[in-house]
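Peer 1: My questions all concern the structure below.
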Amino acid sequence: MRLTFWLWLTLFSLGQAWLVALSLMPGGRAAPLFALLYALCVLLVWPLARSFRVKGRAGLILAVGLGLAFRALWLPAPVDADVFRYVWEGLVQLAGENPYLLAPDAAELTPLALAHPEVWGGVFWREIPAIYPPLLELVFRGAAALSPEPWAMKAVLVVFDAACLALLALLVHGRGLRPGRLLYWALNPLALLFLAGDAHAESVQVFFLLLGLLCFERGRERSGFLALGAAVMSKYLALPVLLMCLTRKNLRHAWWAALPLAAFLPFLDAGGGIFAGLVAFGGGHHYNGLLAEALWPLLGRGTPLALVAILALMLAAIFLSVHDRMRSAWLSLGCVVLCLPTVHPWYLAPVAVLLPLFPSRAWLWLCAGMAVTLPVNWITATGGLLTNWHWLTVAAYAPFVLLILHGVFRDGRIERSRRFSPPGTLSVIIPTLNEAERLPECLRAVRAAGCVDEIVVADGGSTDKTPEVAASFGAVVVSGPRGRGTQIAAGIRAAKGDVLVVLHADCLPEPGVFARIKKALVENPAAPGGAVGMRYGNSSPPTRLIAGLNNLRVIAAGIAFGDQMQFARREALNHAGGFPELPLMEDVELSLRLKEMGPCLFLPRGVTASGRRWRREGFFANVGHVVGLLARYLAERRLGVIRPDDAYYEQYYGPAAAMEKRLGDP
């Protein structure tokens, strides 16, 4: 272990001890010093995780041990006011009443309040009935049955939190990640303070969430759905994760997720009132939510509906563009947090717990940035726990938004699982079909751009002079079955370069672009490939708009089209199983495969594409055609729907072209 790790660990330990000491002092958590120490400790997690060098199972055991040790340090800390609510609702159930029907200040519960004055006195929002899902309510009942004291509730919830460490260690090990990553959650002060110290119930949801994801990782679909169903019945915010795990193959097992709905049975006498407290709390209050605070001054009471619509669009975009189940689950949870009307620091737990799998500067900062709300949260004397302090929201979220934008335009990852070798040679692969007229201009532009070691023309059975034209320019000519993906794959097999650039025959590379590609790959050893910014020749306002949207799609979603001059390392393609041999959509499939291996690059302004199809078919017709085809392919791929290779080719080019292709294939 490096000496730097022990130095960081010593500083972190001193900070945690100081935080615990302050939490035991009257008014200690309201002190600005407490917030400052908390934020600094969150930021210390980064160097701690990076400098942790113990490998294998020993590393996992040590990381889990450190997490448990610091959780034990927080056990003496006083519980949060929410714990009194948990205990109260457990006592209400033990008294034979329904917490969804009777708010804490209900006259029917006066005898219970007199019997447990300390518990009832610690409950906030006494006019609102229970808002928590039924499985969580049953956990409250079980803990209250052990003892009506807050310590019993804390003991139960801390056990869930400790179990989360074990599940997360199994996920980290199963994905072949280094054990040091586990510290992004094991030592995260958000977990230590709000789950181990304050005993917030998010630990129950996080436990079932991790259990479900682990089951899916191991191919246990039924158990995965069952656990995720339990996560939803612990906190409804886990529902999008359930949706992200659906495929055509496992759809028949999805009903297992409905089994935890049985937790509603003890509370059915409340009818629709089961959700009354949640609607009252979520629809009428807002505090520290990023989008809610921005929209509420504009939309007022219409903000919750707008947030639901925004969240639906976000989830649809993630479902279509992110096909790694675990990453899409993580991103969906992040979107849920950003769309919540009210966000307390512990609401970040379902997102932060997956930081060992997807370390992020932005989300690590947000864990720290929530420190600005701590003094307000703990000044209970104001009586306005959810008072809107807009400047605090700006302070917490502004750096987060900037880091998100930085990650969109540049690689924002703080951990990299794979580094590729520096590239040497570069080959350009050009698929052709009857391009004798346009090919000379393309080949001259390639030569003029420089830094090209080899040109390979992959012909699909041209009936004009395309092969002869290519040979006259010194290109290697490869002939094979028609279909762009099939042709490109054949060209790549014949090519010798370390970097493989796919260029359409009606596209013109700009001078210096190939040198820029090689330089970018050298400077970004974790990047498997990428694409180049495009524009249309003889452009018009509509085609400029399309080019801009194409480039934005690559930046935001990492999905490029073929006329954006995709490039990839041969090493990365070999790892991905080679170039996708599809007659159509090979460019989208390549993008999705490269994204799974690392951050894909985008180089602005590097290629000029032909706008001939836009002129021939019309703007709106072609937009609808392309968008519909792309959405269909992404959705069917995400769900695991298998279609014949020629299906998309026929949908795009028409039945006649598809038949001609089949007849032309050897």
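Using the three backbone atoms N, Cα and C, a Cβ is placed for every residue, glycine included.
Since the structure is predicted, the reported quantities are computational estimates derived from the model, not experimental observations.
Features from TrEMBL:
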type: TRANSMEM; residues: 29-46; note: transmembrane segment
type: TRANSMEM; residues: 58-77; note: transmembrane segment
type: TRANSMEM; residues: 151-172; note: transmembrane segment
type: TRANSMEM; residues: 184-213; note: transmembrane segment
type: TRANSMEM; residues: 225-246; note: transmembrane segment
type: TRANSMEM; residues: 258-282; note: transmembrane segment
type: TRANSMEM; residues: 302-322; note: transmembrane segment
type: TRANSMEM; residues: 329-347; note: transmembrane segment
type: TRANSMEM; residues: 362-379; note: transmembrane segment
type: TRANSMEM; residues: 391-409; note: transmembrane segment
type: DOMAIN; residues: 427-539; note: domain 'Glycosyltransferase 2-like'
Peer 1: Any residues 6+ beyond the ends of the transmembrane segment (58-77) with a Cβ under 8 Å from its own?
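Peer 2: Sequence-remote neighbours of the transmembrane segment (58-77) are 9, 16-17, 20, 23-24, 52, 154, 158, 161-162, 165-166, 169, 172-173, 178-180, 182-183, 185-187, 191-193, 196-198.
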Peer 1: Could you pull out which residues elsewhere in the chain have a CB under 8 Å from any CB of the transmembrane segment (258-282), counting only those six or more residues past its ends?
Peer 2: 93, 98-101, 103, 125, 128-131, 133-135, 137-138, 226, 229-230, 232-233, 236, 304, 341-342
Peer 1: With DSSP, how much of the domain 'Glycosyltransferase 2-like' (427-539) is helix, how much strand and how much coil, in residues?
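Peer 2: For the domain 'Glycosyltransferase 2-like' (427-539), the helix, strand and coil counts are 40 helix, 31 strand, 42 coil.
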Peer 1: How about the transmembrane segment (29-46) with the transmembrane segment (329-347) - do they touch, taking at least 3 C-beta pairs under 8 Å (6 or more apart in sequence) as contact?
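Peer 2: Contact between the transmembrane segment (329-347) and the transmembrane segment (29-46): absent, because fewer than 3 Cβ pairs are under 8 Å.
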Peer 1: When you scan the chain for residues with a C-beta under 8 Å from the transmembrane segment (151-172), skipping those not six or more beyond its ends, what do you find?
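Peer 2: Apart from its flanks, the transmembrane segment (151-172) reaches 60, 63-64, 67-68, 71, 75, 79, 83, 86-87, 90, 139-140, 142-144, 179, 181-182, 185-186, 191, 195-196, 199-201, 203-204, 206-207, 210-211, 213-214, 217, 353, 356-357.
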